[in-house]
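J.: Please find one structure pasted underneath; my questions will follow.
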């Protein structure tokens, strides 16, 4: 099969809009009608072309797609969910050729379902939020939360990829690793030293191929430092590097934070987060396109294995068990037809933080009282299923700036056509950068929080665990269609105390689970949110930033000064971090809330594992994608070793 199988030759989506965009259909229509089409997704560079193949296969490509609806099919391993962890597991379990593997994915191929929104880095925001006007249910579950008291009773859209690649095809492409202390705390929590930082590192290295800042030229004032010991030369399937274009505002933020005493970090992948740095992304530095679990792990598996079978557009209804409580397969539904797929060795759930616990519960694994209320026979009474959900929010003020930013893409009649031409012809310009390329992490400083709150954080988290992350967001929190340049100094809470839940009110996985993250439910989180917002304002008001800020704060505006006013603004405008974890938490055998053991095996049954972010015992500081890839590598290696 030729490498152009999924080549997109015309602009498939409307241009990106500002973060949290409430799309103005009139503006979009008039803008789109005058744009040059987004051309073929390949550069003229020969090496880049070699690095760019998408769907190729060993033998017939069609041999890797399962026979839908045929009875009696069984495989050694059945993986539910072709996302971040699922495709990494599929690649490793099928790699030596001795085991047959089936991947069951509810969605399809994002290249055909979402076009360039999943390929061009800056186009990620096209479907990043749901405002009722622009929507694509082909590659997202369109999950909504219950009304959130901490967020002005809003029912929040919660992005969850429903596609091969999962949320790696939907998210912000940010790649980093947690702090050393976070992984050591994981090891202590589950009673397994294989989760300490030094034991994690080989799996981090095995999952990614790092291309340093020297791969593409960078401005002299945008130096990116890296600890090269965090990566290996051989690396793994997932390309990690820096966006080709550096956001102009980021060098100003770098200078401002340096003057404020933030130390320079070495890339956020060596286990040390505290400090400031340009951040790496899962972007192929040669093609300047999004890299996903599908374009990396799945591509490798198809090219090098002949024992992998993929079932797309197929929803898993429940896990099947024999009378010894061993998982023997799954019941699935493909376009209304219900049938079964058998598992000779194990079933592996990689359906994510919301749908892995849902699948457990409809299969009889979960809180006994809740399952009995729904008439579901109880197979394993695990009270922790669906509990312990942890996530954070992103917040911050917006100001006009004197340098070009991504906010110009909407409303400026010259900027977007120019950006498309630059991307088409040279793979450069605004579209190569998703809009957030500079981060900082900080512990709470004296006086930022109440003494009691600071003491609680110090008692609950390791010394190297940051309290806040700061993001130089090259856009606005609320869209401005005037074509001007705006910048949002943003923050996220790294030590939230609020805990949410995922529950069900139906025994049918076609019905969405009930998701209640409980953002800002804990008063300490509210206090941290206000402190983070004030810190963002402090950065923007610094001497360095005054030179580039073009006017007064536009959002929320200088009239918001008291803690109550700021908290109300945060409640009304902040958004999900889309980094939920913990709903099938890993723990020790005597932990009443544990769902899986340290080998990811579901307690109380046999032949069933979960490998995804739902088994994190707690939220790692920052984005979880890098840790999910490494977790899949770790569990797969242990399974292949007979554990």
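Cβ coordinates come from backbone N, Cα and C, glycine included.
Got these off Swiss-Prot a minute ago, pasting:
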- 84, 85, 105, 106, 171, 172, 173, 174, 613, 624, 625: FAD binding site (BINDING)
- 116: N-linked glycosylation site (CARBOHYD)
- 221: N-linked glycosylation site (CARBOHYD)
- 507: N-linked glycosylation site (CARBOHYD)
J.: Of 173, 613, 625, which of the binding-site residues has the most Cβ neighbours inside 10 Å?
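T.: Counting Cβ neighbours within 10 Å, the top one is 613.
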J.: Hey, does DSSP put residue 625 (FAD binding site) in a helix, a strand, or just coil?
T.: helix
J.: Using Cβ atoms only, which residues of the same chain lie under 8 Å from residue 171 (FAD binding site) while being at least 6 residues apart in sequence?
T.: 124, 159, 161, 578, 623, 625
J.: Can you tell me how far the Cα of residue 173 (FAD binding site) sits from the Cα of residue 221 (N-linked glycosylation site), in Å?
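T.: That comes out at 24 Å between the alpha carbons.
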J.: Counting Cβ atoms within 10 Å across all protein chains shown, which of the recorded positions 84, 221, 507 comes out on top?
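T.: In terms of Cβ crowding, the pick is 84.
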J.: Within 10 Å of the Cβ of residue 116 (N-linked glycosylation site), how many other Cβ atoms can you find? Include all protein chains, please.
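T.: 21, counting other Cβ atoms within 10 Å of residue 116 (N-linked glycosylation site).
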J.: Mind computing the max CA-CA distance among 84, 85, 105, 106, 171, 172, 173, 174, 613, 624, 625, which the record assigns to FAD binding, rounded to whole Å?
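T.: For the residues that bind FAD, the greatest Cα distance is 25 Å.
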J.: Quick one: pull the CA-CA distance for residue 613 (FAD binding site) versus residue 116 (N-linked glycosylation site), whole Å only.
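T.: Taking the Cα atoms only, residue 613 (FAD binding site) lies 27 Å from residue 116 (N-linked glycosylation site).
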J.: Whole-number Å distance between the CA of residue 507 (N-linked glycosylation site) and the CA of residue 221 (N-linked glycosylation site)?
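T.: Computed Cα spacing between residue 507 (N-linked glycosylation site) and residue 221 (N-linked glycosylation site) is 56 Å.
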J.: Which one is closest to residue 221 (N-linked glycosylation site) in space, judged by CA to CA distance, out of the recorded positions 84, 105, 116?
T.: 116
J.: May I ask for the distance between residue 105 (FAD binding site) and residue 116 (N-linked glycosylation site), taken between their Cα atoms and rounded to an integer number of Å?
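T.: So the Cα of residue 116 (N-linked glycosylation site) lies 21 Å away from that of residue 105 (FAD binding site).
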